[in-house]
Each structure stands twice: as structure tokens, then as C-alpha cells.
């Protein structure tokens, strides 16, 4: 099992380099991803041990902020959040390896994107370890274009159909349901793919699906960035982007499994919260004008069949 974990780690660290390099090619000023390598001290008082590399870009003309973060951590006991629905895992040691990214563009016409790919092994130090994969990618437009959502979902469907034709409808529905702000009765964006507890096939089959899915992120996102990054925008457009970013913050702090797991398990706070946007606003009881571009967004970011 250790050999398989290391193979996935090697894949993720290479993917991290591929993604940051591809995104930098679209940046028009001197902004670059900086590498912040870290390691948790192996001391008795540390609940979580391990290491990682958070790659951050800030202040770009195209990407106002972005993070592509790799981590490999282990602990003696899964935190309560991770075992709430799987009591058989309570008290088990664990290893978690993953890559998580969030890209916040400056231009309101370029959507925010998020992706995450990970493996968990519970009881890795026992004769019967329990493994599963999780991950996916989703898109959060501020001023959406239907063709962008279609391209995003078509890319997702193509990669799913290559492995299992039941995956896309199942993981799309899961994504729609997961990225939902219950307290606002709003969806975060136009969705994509979300899956967890993936071990329905052999390890190698699941590994191949997850790595193919991870490799398709750039195919899904880069064409959208290229198409929208030079659209002129006004302060009104920027203000609405900042307002909608507030919803992104709310979701990450209240509902996001990765954030909650990281904080409960004693993870590296600076890396966990690096996905937050550089700026966001909240307005009391704000409502968009009837018939405005902003009002149309709320009708757009609802679950639908993007691929006819």
C-alpha cells in the first residue's frame, strides 16, 4: 500500500507543476507561483504529521490569487468529522495525500475554478487497510456564458465515460448537491464533478480514473480563461464579483469537507485557508435589480442538464 500511495504522490506533485506552469503562461505581469514547502514536526504534541508544498500566486493581472497545494499527512486517529457517517473507521490511524486548488481571477467574466484529488487510507498500519479516493472539479462563474458551462461539463463527461458511463450523471448530481449553501438556498456555481469514498472498482481502476480526471482539469479550464480574460469590465461588475466571492467564503468555512477535516485534525492553517479569495464583500439584504445581468446569474447557477 505504501508503494501505491507514493505513486499517487508522485503523480500529484508533477500535476502541481503542470498546472502552475500552464496558468503562469496566461499571466501578463510579473506574478508567478511561489513555492512554500512545509513539514509538521514529528513530536508527540502534534496530532497531525506530514509535509506539503503550497504554491501561491497573488497580485496577477489575470489571476488575482490562486493556490495549488499538495499535502501528505498522517495521524493516529481520524477526526470526528471524517467518521461521522462511517463509525467503523473511528479510532483508526490514517494517511491522506491530495492536491487541492482554487483559482480566483481578477476579471469578473473569468470564473473561479476549484479542483481536488485525494486518497485516504484508514488503518494503513494494519493487515486490512481501508482505502478510498475522492475529488472532482467545479466552476463558479460571476457573469456566466452558457458555452463555458457546456465545455466544462462536456470535458467532465468525456473523461467519466472513458471509465464508467454511470459516473458522470452520478458525480454531477453529487456535485450539484454538495456545492449548495443551505442557509442561503443558493448553489455556488454550475457544478462539475464531485465524488468521495470511491473504491467501487480495483485500486488500479480507481487510480486511473482519478488521475485522468485530474489531468482533464486544464483541458476544462484553460480555454475558458483564454476566451474571457480580456473582456472589459466596469466597477459594477467587480463589485458583484466581490459580493459573490462572499458566498465562496461562507461555503468554505461552513460546509467544505476539506477545510473542516484540516482544521479538526490539526492541519496547517495557512495552507488550509489559502483558498480564500483576496477580497470579498457582504452587503446587508442586497438584491439585484430586476432584469439585470446580476439577477440572471441566480437563474443560471441552478442544477441543469448542460449536455443535451
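Cβ atoms here come from the backbone N, Cα and C positions, even for glycine.
Per Swiss-Prot, substrate is bound by 116, 117, 118, 266, 267, 268; the candidate from 93, 100, 292 named for the same site is 100. Site annotation (Swiss-Prot, ligand divalent metal cation) includes 114, 153, 183; from 104, 163, the additional listed residue is 104. Residue 100 (substrate binding site) has 114 as its nearest neighbour among the binding-site residues 114, 153, 183, going by CA to CA distance. Look at the region 'Important for dimerization' (248-283): DSSP puts its residues at 22 helix, 0 strand, 14 coil.
Note on residue 183 (divalent metal cation binding site): other Cβ atoms within 10 Å of its Cβ, all shown chains, come to 9. Local packing around the binding-site residues 104, 114, 118, 153, 268 was summarised as the count of other Cβ atoms within 10 Å of each Cβ; on this measure the leading residue is 104.
Around residue 266 (substrate binding site), the same-chain residues at least 6 positions away in sequence with a Cβ under 8 Å from its Cβ are 46, 47, 48, 75.
In this structure, the CA atom of residue 267 (substrate binding site) is 23 Å away from the CA atom of residue 104 (divalent metal cation binding site).
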